[in-house]
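**Student:** A single structure is presented below for examination.
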């Protein structure tokens, strides 16, 4: 069966968007690599944004000068960029496999809307657009960091973080109800390459994106307070404590969102929790390296306690997720859409009608026709039948309860 014109249009739009995504991926791979080498057009090494040798938590920010606050050092920034690049490489392979799988699966289209359902299962054009926006914004972020514009870099990274949150939600939920997602998954032919891509490769890519989202939450928290600390007359220690507390609060909203909404679409979404553990290690490294600086400012204990709470909350949230997975497996409540047809057997006997007592005036007028109506009533017989009807049936009225020969 041929696909509908609407499905063909969706597929062509998806292919064109996929080409743009591939081009943007190549550019996002080139920009970080070239930015690490001197004499290639970048004025500064973007990883070395903050000089922790001049870190003083008791000072206030200095005008016309970059005041060092808590941020990623070159090793941590390199790890972050590398992990994001690995996730993008796996996503690149996934979408390439998805395109090949869709080309093969087009020969097995059995409905007018199957092709658009398969495109949405692999990754709709909206998901690809958000992925393109992520790749573009991370390039701009690296270029802005090379020029040491901390205010503009914080704004650009806010756009990148927002695109990452929307993209992660779109990968998990497809911005559709649960029953629509189930129907799209059920339309995929079993034991095909498309089946393997959607049900085995896509969860891996989604968890990698969720892990990168946890790291991006850390960078976003540090970028916000780096910009605030260099914009207003604040103490550096307050900015450090504010960055740690923001990174403590933001994941809590994601934990709640996961249990309330995202878990209905994807049970095994542990990528964010793994990313939070890695981000906690990255955050605690400056506290260990520059312990004397934090101790002299009397912030070592406070910052250490707040940083330690982050992996503890992550562990609690992950245990809740694991318990809910086992509970759902025991209950076995995995809902699927109803079949297209149902078999309905009509009742063999009609429903009893309420008796009506005629008035004396009406009895005289209808006396001439009573004998004929009684004979026609005796000729009526209930009929038992089986009908194959659609899953959505109209309500029957009283006049349709009896079937006349």
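The backbone N, Cα and C atoms fix where each Cβ goes, and this holds for glycine too.
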**Student:** Which one of these stretches, 100-120, 268-288, shows up in Swiss-Prot as transmembrane segment?
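**Tutor:** Feature transmembrane segment in Swiss-Prot: residues 268-288.
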**Student:** Taking the topological domains recorded in Swiss-Prot, do residue 147 and residue 321 share a side of the membrane?
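**Tutor:** Swiss-Prot topology: residue 147, residue 321 on opposite sides of the membrane.
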**Student:** Between the candidate ranges 48-68, 216-236, 300-320, where does Swiss-Prot place the transmembrane segment annotation?
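**Tutor:** Within the set 48-68, 216-236, 300-320, Swiss-Prot attaches transmembrane segment to 300-320.
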**Student:** Averaged across the topological domain 'Virion surface' (289-299), what pLDDT does the model get? Just tell me the whole number, please.
**Tutor:** 75
**Student:** Of the stretches 77-97, 122-142, 150-170, 268-288, 300-320, which racks up the most C-beta pairs under 8 Å with the transmembrane segment (193-215)?
**Tutor:** 268-288
**Student:** Is it true that the transmembrane segment (122-142) and the transmembrane segment (268-288) have 3 or more Cβ pairs under 8 Å, skipping pairs fewer than 6 apart in sequence?
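**Tutor:** By the criterion, they do not touch.
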**Student:** Summarise the topological domain 'Virion surface' (289-299) as counts of helix, strand and coil residues per DSSP.
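**Tutor:** Secondary-structure breakdown of the topological domain 'Virion surface' (289-299): 7 helix, 0 strand, 4 coil.
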**Student:** Counting each residue once, how many in the topological domain 'Virion surface' (143-149) are helix, strand and coil under DSSP?
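**Tutor:** Once the DSSP states are binned, the topological domain 'Virion surface' (143-149) shows 4 helix, 0 strand, 3 coil.
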